[in-house]
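Reviewing the structure listed below.
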Amino acid sequence: MCWLLLWGILHTCPTQASVLLAQQFPQQLTSPGYPEPYIKGQESHADIEAPEGFAVRLIFQDFDLEPSPGCEGDSVTISTRGTDATRLCGQQGSSLGSPPNQMEFVSSGRSLRLTFRAHSSKNKVTHLHKGFLALYQAAVSQPNGDAEAFTTPGANPPEIQNHCPGPYYKEEQTGTLSCPSSRKWKDRQRGEEVPECVPVCGRPVVPIAENPNTFGSSRAKPGNFPWQAFTSIYGRGGGALLGDRWILTAAHTIFPKDSIYLRKNKTVNVFLGHTDVDELLKLGNHPVRRVVVHPDYRQEESHNFDGDIALLELEHRVPLGPSLLPVCLPDNETLYHSGLWGYISGFGVEMGWLTTKLKYSKLPVAPREACEAWLRQRQRTEVFSDNMFCVGEEMQVNSVCQGDSGSVYVVWDDRALRWVATGIVSWGVGCGKGYGFYTKVLSYVDWIKGVIECKDRCPEA
């Protein structure tokens, strides 16, 4: 029997129904399994009822359904007595469908029905579409058919508390939302429209196991490095998830130093969410919407890797979970102190062979003077700028090799209690013993944030 009395979440029987009571404070309503990808071949109905004399107000905070012309495929339908039903599908920026954006739905009576349909498919799991997250609330019904939200005592305009689905998301700005005369929910302190739920970074569900041999590589367990990306452009490379839509990587994986085609990259393929290459390929490529390479990167200068950093914006947000979580950005120089230990993970060459499993190594931040002396002894001409740092020990095995480029070096931030990507695998002198040289992410944090937060006239590669 799939008739359930719930207070906010649809469960996952193939066809199901729920009756929800709208109250003074907003409650969450999500698609089955949100924020994990929803399963094909199911249908859910939620009838939301308000007390006598009140209406139902519904606002979507997140919406990500598979797009289709006219929303004939997967869809959410909003219906209320006396009005035409509204069918929604797609996601932000979709060229197909009709996503709700920040639309507000208010019932004409005291009830509203939401129907979620995911059509049957040979592939039971959709293409990593996570469904929806909505807030519903009772609102005072007015004679003219309008509605006003319950007023928090002493609050003018009306206010509600913002909530996000943990543990993978948190409120961008904790506190209260208000509904002024514009009838759009805004952050009371900053005056912005409904704040987004932002991903929690740097906190894997599965702790990283200590490597008893200290040096050398170990096989990663699922969830150890949930930010790890596998890229395929001019060959295999790596990267790290930032937020739920961006990949941090090295510029030279996109525009290689030895390429005869300057500033012309091939198709960029990004795979996420597993520690096995074969399984990653089965999960499918995440299409890239935009490639942004740092302006200081000089592809034609073979001995200068300054500015070796790039960002890949994915077409769609990815559903976060134990195997797919973002890493954090650094915010202070103490994370680069000599002797501080960190981890590097990747799918690079090991003992001359390409690996199909994610490996990781524990390596220390090296003294800058030691790395400079090491380069001089070998008469190397590569630029070692202040935007770089080095990792490893001169006489110990350095397991980083071809195929690891773009992957990140992470250290534990004792103050913030999270893993931070301080470096990006950039260049080295062969594989084996010695030091590896990394892009210093701290030097580029302002640039990274500027690109990610850009809304107009954004830079392209």
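Think of each number as a place in line: the chain as shown, counted from 1.
Quick reminder: no glycine exception, Cβ is built from N, Cα and C everywhere.
Here Cys390 is paired by Swiss-Prot through a disulfide bond, and of Cys371, Cys401 its partner is Cys371. Cα of Asp308 (active site, charge relay system) to Cα of Ser405 (active site, charge relay system): a distance of 10 Å. Most Cβ neighbours within 10 Å, among the recorded positions Asn332, Ser405: Ser405 holds that distinction in the structure as shown. Cβ neighbours within 10 Å of His252 (active site, charge relay system), excluding its own Cβ and spanning all shown chains: 27.
Per-residue pLDDT, averaged along the domain 'Sushi' (138-199), amounts to 53 for this model. Between the C-alpha atoms of Asn332 (N-linked glycosylation site) and His252 (active site, charge relay system), the distance comes to 26 Å. Cα to Cα, His252 (active site, charge relay system) and Ser405 (active site, charge relay system) are separated by 8 Å.
DSSP gives His252 (active site, charge relay system) a helix state.
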